[in-house]
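Q: Pasting a structure below so you can have a look.
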Amino acid sequence: MAPQYYTVTWDQLHRDARALAWRLIDTGPWKGIVAVTRGGLIPAAIIARELECRLIESVSVETYNEESIGHPVVTKAPTAAGDGEGFLIIDDLVDTGTTARVVRKLLPKAHFATVYAKPAGKDIVDTFVTEVSQNTWILFPWDTDAAPQFVAPIARAPGRGA
Ligand SMILES: O=P(O)(O)OC[C@H]1O[C@H](OP(=O)(O)OP(=O)(O)O)[C@H](O)[C@@H]1O
Ligand SMILES: Nc1nc2[nH]cnc2c(=O)[nH]1
Ligand SMILES: [Mg+2]
């Protein structure tokens, strides 16, 4: 099946991250948040603001190069979150679950939450907001150029004979 793109704007990301905060507010209290860098950084900042949580730790896992999956490498381990008890792990998305599995091993007692989830990885996380199909590539606002551009009328679409 041909891959498709799902474009997320800044506004939508903000709304979806806030929706995730609503799902997490009654599951706490949280001692702190562990952001999975880089993708989890901005969602973690939004959620930290909503949950009034000021202790932010990070874990860095490099799994993808552009759209190609590779072997996950932990380039920065968390030091302030112990075994994860009482901590919230935030990432932008779970796809195959490769990154989440690595982070879970480091913080087995933490609660893992992502904004977006694909079917292959959704059972590995505890909470997410929006599911997209496995053949969808999510394009985040930091990966796109949002410059407005002309779009032709539908009546002039290829195959319509105009
Ligand atoms: O479930 P998976 O198949 O592991 O995919 C999900 C991970 O992939 C992306 O990170 P990426 O490795 O692209 O690094 P980045 O966050 O630094 O951009 C995304 O931010 C998740 O962390
Ligand atoms: N930006 C982005 N990174 C990913 N890493 C794994 N899956 C995805 C995806 O759908 N979008
Ligand atoms: Mg990531």
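Note: Cβ is positioned from N, Cα and C throughout, glycine not excepted.
A TrEMBL annotation is a machine prediction, not a hand-curated record.
Checked TrEMBL, it gives:
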{"type": "BINDING", "residues": "ARG38, GLY39, ASP91, ASP92, LEU93, VAL94, ASP95, THR96, GLY97, THR98, THR99", "note": "5-phospho-alpha-D-ribose 1-diphosphate binding site"}
{"type": "BINDING", "residues": "ASP92", "note": "Mg(2+) binding site"}
{"type": "BINDING", "residues": "ASP95, THR96, GLY97, THR98, THR99, TRP137, ILE138", "note": "GMP binding site"}
{"type": "BINDING", "residues": "ASP95, ILE138", "note": "guanine binding site"}
{"type": "BINDING", "residues": "ASP95, ILE138", "note": "xanthine binding site"}
{"type": "DOMAIN", "residues": "10-146", "note": "domain 'Phosphoribosyltransferase'"}
Q: Check ASP91 (5-phospho-alpha-D-ribose 1-diphosphate binding site) against DSSP and tell me helix, strand or coil, would you?
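A: The residue in question, ASP91 (5-phospho-alpha-D-ribose 1-diphosphate binding site), is strand (DSSP, three-state).
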Q: Which binding-site residues among ARG38, THR96, TRP137, ILE138 have CB under 6 Å of ligand 2?
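A: Close enough to ligand 2 are TRP137, ILE138.
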Q: Looking only at C-alpha atoms, tell me how far ARG38 (5-phospho-alpha-D-ribose 1-diphosphate binding site) is from THR96 (GMP binding site), rounded to the nearest Å.
A: 17
Q: I'd like the Cβ neighbour count for THR98 (GMP binding site), meaning other Cβ atoms within 10 Å of its Cβ, all protein chains included.
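A: Result for THR98 (GMP binding site): 19 neighbouring Cβ atoms inside 10 Å.
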Q: Give the number of CB atoms, excluding that of TRP137 (GMP binding site) itself, located within 10 Å of its CB.
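A: Total other Cβ atoms inside 10 Å, all chains included: 14.
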Q: Fewest other C-beta atoms within 10 angstroms of its own C-beta: which of the binding-site residues THR96, THR99 fits that?
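A: Sparsest of the binding-site residues THR96, THR99 by Cβ contacts within 10 Å: THR96.
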Q: Can you grab the distance from GLY97 (5-phospho-alpha-D-ribose 1-diphosphate binding site) over to ILE138 (GMP binding site)? Cα atoms, rounded to a whole Å.
A: 15
